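Taken from TrEMBL as is:
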- 172-353: domain 'Malic enzyme N-terminal' (DOMAIN)
- Tyr195: active site, proton donor (ACT_SITE)
- Arg248, Asn503, Asn547: (S)-malate binding site (BINDING)
- Lys266: active site, proton acceptor (ACT_SITE)
- 363-616: domain 'Malic enzyme NAD-binding' (DOMAIN)
Amino acid sequence: MISLNRTSFLTQMGVSGPCSTPSGTGNRRPMALKVVSMDSNGRAGDRSGSVLVENNTVKEIAKPPSPVVEVEPKSTAGAWPQDAYVEDSAPAMNEQIMTPWSLSVASGYNLLRDPRHNKGLAFTEKERDAHYLRGLLPPTIVAQNLQVKKMLHNIRQYQVPLQKYMAMMDLQERNEKLFYKLLIDHVEELLPVVYTPTVGEACQKYGSIFRQPQGLYISLREKGRILEVLRNWPEKNIQVIVVTDGERILGLGDLGCQGMGIPVGKLSLYTALGGVRPSACLPVTIDVGTNNEELLNDEFYIGLRQKRATGQEYAELMDEFMTAVKQCYGEKLLIQFEDFANHNAFDLLAKYGPTHLVFNDDIQGTASVVLAGLISALKVVGGSLADHRFLFLGAGEAGTGIAELIALEISKQTNAPLEETRKKVWLVDSKGLIVSSRKDTLQHFKKPWAHEHRPIKKLIDAVKEIKPTVLIGTSGVGRTFTKEVVETMASINEQPIILSLSNPTSQSECTAEEAYKWSQGRAIFASGSPFDPVKFKGKMFVPGQANNAYIFPGFGLGLIMSGTIRVHDDMLLAASEALASQVSQEDFDKGLIYPPFTNIRKISAHIAASVAAKAYELGLATRLPQPKDLVKYAESCMYSPSYQNYR
């Protein structure tokens, strides 16, 4: 303990008068103490710690080992004060090894740079007095709604989507609540900015636009130390992790470490759309290298400059990660796998599904949102799922995941064996229609879809022979639903259901305009990326977006609020049915098979309630007793971006 005369100490620290004791804090005040140590040559080095002034005694909070403690000297008459902070002095001194001691207090200058608590010009007069903000802000006080209006005006000035994305990310780093308030209030306009399609370009250019690190980067260099790395993250009560290895980012391929834009974007939506607290969310990138030669040769690339690790080395790193996060954050931690390549995605889900609370949005989330759209579309075209035939272009994670959930729902509705209901679904991959004669050469996740039929190479020929009522694109290849394909679908069906799901927009199998025009306005269309409304023959068509953001935020909230320990397929079916139930007749009249995003928080609450109810029914929920009204409980659990009053 260091004893000083309180008055002289405060005077020497540059604090005097009424400011010496903050309002409402009695005689306790945290302060920064400048600690100067001397090296063997008599040179000063800053080793700032922190102190607490209590009852005229200065107590050290964080004292560096064995320093010579001095109070910063006063300035002499006619001279500038001597600066004891060595990093601000001569360049030669910067080579000295130092310890970066600091004190972070949510007041004054530091408060304005704390994104979680910063309110900008919304600080009231009382708050400015209580938190030492006088003079650090202009005198005007601005309400949060006006701040939202101003930020939206500023973002609209940018013509380039990536600039809008960067402006939103800067806001998130500066004022967290304002970021989420803006995103929630204008979700339909800003969702394409913070997520697809703009996030794809952001990931491609992540190295060059990289400013402030977000989330945890776990590379091969951290092998054997992952638990230690997790403990570096400041938040300890983590409820959801979104993790990627960057190998298959959207339809853009291997972007390595720069895939971090995906977990960051997904978790922003977990908060904005599902109400999960930002502090409970952790974005993670597993960096095992990249096979993208362009990135390896890019001077701005931020990841490991090596070819992608595979096999045992990859498996061991992932196993250490999965073990460490469970040890660190517990059994009820939700781990969402994002944009892993097919050969890893299915294996990881199968391996860790029985032992962890895991969810793959590309396989399960996409499947759930597409199934919801199909259930909704049937209210327009009629019949049950079992009455329809489904043809997919694309047999990867998304395609096979959707196909399996459709077959499960048909099995549930008809009590038919799953092996039988799968025969309603046909898949086309890069080599043509998946048929039984190809079974020996197929990847394991494609084999359930190898039905008896002669080989067919082209999609158009498959459409003509299978005669599907529903055509679904998950190929990641743009403009593959040609004029001939769409016209053939329209000749077979009065109202063909055409879902062009590949992201980003450039990879969409066809545009909304093409689908409506080539089908003579009879198609029921939805896409993965947003398209503008289309006017055809005097009628305005509003294309729906089969966006995973409808499902995963509410799905995750349902798991978290019920304390669920494992994901079950029945929960995905429950989420699909809950989403489909939110589509109104007014939406159908516009040609929509999904509800508008303006109601997304209400929709997420209903999805969360349905998922939680199913978890309780299956005995997988641990948060007991079960709330009586799960919808109201879900709403009460949601994070609010409104400013709080500070004492």
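Yeah, the Cβs are placed from backbone N, Cα and C, and that goes for glycine too.
Keep in mind that this is a model prediction, so the values were computed, not measured.
Shown on the structure are the features that TrEMBL records.
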| residue | record | contacts (Cβ under 8 Å, 6+ apart) |
| --- | --- | --- |
| Tyr195 | active site, proton donor | Gly265, Lys266, Ser268, Leu269, Ala549 |
| Arg248 | (S)-malate binding site | Asp254, Asp339, Phe340, Ala341, Asn342, Ala345 |
| Asn503 | (S)-malate binding site | Thr196, Pro197, Gly200, Leu250, Gly251, Gly528, Ser529 |
| Asn547 | (S)-malate binding site | Leu191, Thr196, Val369, Gly528, Tyr594, Phe597 |
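A simple way to gauge crowding: the CB of Lys266 (active site, proton acceptor) has 27 other CB atoms within 10 angstroms, across all the protein chains here. Confidence in the domain 'Malic enzyme NAD-binding' (363-616), given as mean pLDDT, stands at 95.
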